[in-house]
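**Q** Dumping the structure here so I can ask a few things about it.
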Amino acid sequence: MAKEPMRVLVTGAAGQIGYALVPMIARGVMLGADQPVILHMLDIPPAAEALNGVKMELVDAAFPLLKGVVATTDVVEACTGVNVAVMVGGFPRKEGMERKDVMSKNVSIYKSQASALEAHAAPNCKVLVVANPANTNALILKEFAPSIPEKNVTCLTRLDHNRALGQISERLNVQVSDVKNVIIWGNHSSSQYPDVNHATVKTSTGEKPVRELVSDDEWLNGEFITTVQQRGAAIIKARKFSSALSAASSACDHIRDWVLGTPEGTFVSMGVYSDGSYGVPSGLIYSFPVTCSGGEWKIVQGLPIDEFSRKKMDATAQELTEEKTLAYSCLE
């Protein structure tokens, strides 16, 4: 029996990440090789022509799973009936801009998109915010779409999670698919805490702790952390654009694991609404280790936290609290 198509919204769809993301969705990377999709692409009026070009290319690619394409600058049309919303559109920080200016622009974007999703998306729509500041944009969206369950509003920290996996696999010269259970705690910013204390590597003699195999705490507590924290900036420096294909790929990973479930014994990082777990203040969107099954995520409980980790986790929570205050001051 063929599945009913799922409607997937991508905002900012004419941009760099959007251009990398829509073919992945149309190929079944996000929702599975047997799941037909209808793509809803939204962008701002100045990008309308470019957006139409992307639509033409999607038609030209003749993707078997792609059952329709909506390309629009109208937020209501874009949000109508969507089952998954990937929010890539936002206002990027330009040179010389204050953080508050960027924040107020994004607050107004996410406030209006929240209202449109709330009124027009399918019931139980799953939302993933990618645009920076991702955690706080997601928080604003959640606040202004009260009828969307809070568990359905998430932000992307899977990119940071995958970056951490990549660094470990390079350091140990192992397959990245054999490394698991790194954690990104906190904000999708340079204050995030990439934690390897619970991470393992599959070896010929079973699973071994990453810390034991690397056996260089100075690197793990120093350069490893800063490399992951600063990776986005390093890519901008090298490519002159921010990371697009890796962001698109990790957005697919995030939604796929959320919808289809995580493998047994594996956890991933997602920015989710805090319930006070691990002493993180509730009322923040904070990255936690989670497992997913039946379309629901659950925070992994009971992991021991050492003093070094505690400080880092608190520092990134503090930054998120400050961002939240700044965002709310933009609403007044």
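Just so it is clear, glycine is given a Cβ too, placed from its N, Cα and C backbone atoms.
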**Q** Besides Q16, I17, D43, Q113, N132, which of G68, G90, G96 does Swiss-Prot list for that NAD(+) site?
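**A** Answer per Swiss-Prot: G90.
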**Q** Looking at oxaloacetate binding as recorded in Swiss-Prot, which candidate out of S115, S215, S243 goes with R99, N132, R163, H188?
**A** S243
**Q** Looking only at R99, H188, which of these binding-site residues has the biggest number of Cβ atoms within 10 Å around its Cβ?
**A** H188
**Q** According to DSSP, does G90 (NAD(+) binding site) sit in a helix, a strand, or coil?
**A** coil
**Q** By the DSSP assignment reduced to helix, strand and coil, which category contains R99 (oxaloacetate binding site)?
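**A** The three-state answer is helix.
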**Q** Using C-alpha atoms, which one of the binding-site residues R99, R163, H188, S243 comes nearest to I17 (NAD(+) binding site)?
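**A** That would be S243, nearest by Cα distance.
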**Q** Of these binding-site residues, Q16, Q113, N132, S243, which scores lowest on Cβ atoms within 10 Å?
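**A** Ranked by other Cβ atoms within 10 Å, the binding-site residues Q16, Q113, N132, S243 bottom out at Q16.
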